[in-house]
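Straight from Swiss-Prot, the features:
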BINDING   42, 43, 44, 45, 46, 83, 122, 151  4-amino-2-methyl-5-(diphosphooxymethyl)pyrimidine binding site
BINDING   84, 103  Mg(2+) binding site
């Protein structure tokens with residue numbers, strides 16, 4: 001737990017990726033992204049091209065994808081995260097379980113995954129953000145900064161919520177999320193974030209390692 005917390009505290013670039021079933025290159029992609037500077041890599045297949053083509057990811061296949069990402073994360077000294085599924089997180093030996101506002105309560109998740117797995121929580125308004133900062137989550141995310149196809153129909157609170165998070169001056173790690181890419185990153189940094197979650201900025205890149213490197217370098221320069 002202590003090593004995971006130390007890795008989380010130093011983390012700046014958090015990547016959510018699907019299982020890349022339509023491409024069949026998850027292992028190669030993960031290695032490239034992590035080599036480029038990704039600090040946390042999370043499997044999130046909801047709404048992915050693979051889901052649209054092949055249907056929802058079955059638990060057995062999700063666990064297999066988790067094993068690929070967990071192995072890559074270990075080799076690169078990064079953290080591996082599972083989205084929503086406490087059972088998959090436990091079975092896969094994940095470092096992190098990330099939960100949304102409608103997912104398992106943190107206390108229930110903690111009892112299920114044990115004391116050593118880090119817990120993250122999404123927040124979408126000031127009240128949720130303040131509760132996440134004060135509560136038992138090990139880190140929290142704020143956003144979306146911009147509308148994103150990853151969360152269709154969800155209003156984006158924008159950079160105002162990022163500014164509010166920065167004004168909390170909390171010692172707990174937090175990440176800005178939602179529509180962030182290399183072009184928008186300077187605005188996010190100006191709003192006070194020093195950690196970000198990205199999806200398409202790396203998953204859609206022709207060169208995932210270079211895309212990750214560009215983001216990681218910009219985040220490092222802003223410390």
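Any Cβ shown, glycine's included, is placed from N, Cα and C.
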**Request:** Could you measure between residue 122 (4-amino-2-methyl-5-(diphosphooxymethyl)pyrimidine binding site) and residue 103 (Mg(2+) binding site) for me? Cα positions, answer in whole angstrom.
**Result:** 10
**Message:** Neighbour count, 10 Å Cβ-Cβ cut-off, for residue 46 (4-amino-2-methyl-5-(diphosphooxymethyl)pyrimidine binding site): what number do you get?
**Reply:** 13
**Prompt:** For the binding-site residues listed here (45, 103), which one has the lowest count of neighbouring CB atoms within 10 Å of its own CB?
**Reply:** 103
**Request:** Write out the long-range same-chain contacts of residue 84 (Mg(2+) binding site), meaning residues 6 or more apart in sequence whose Cβ is under 8 Å from its Cβ.
**Result:** 98, 99, 100, 103
**Message:** With the cut-off set at 10 Å between Cβ atoms, which of these binding-site residues ends up with the most neighbours? Options: 42, 83, 122.
**Reply:** 122
**Asked** Across all chains shown, how many C-beta atoms besides its own are within 10 angstroms of the C-beta of residue 43 (4-amino-2-methyl-5-(diphosphooxymethyl)pyrimidine binding site)?
**Response** 28
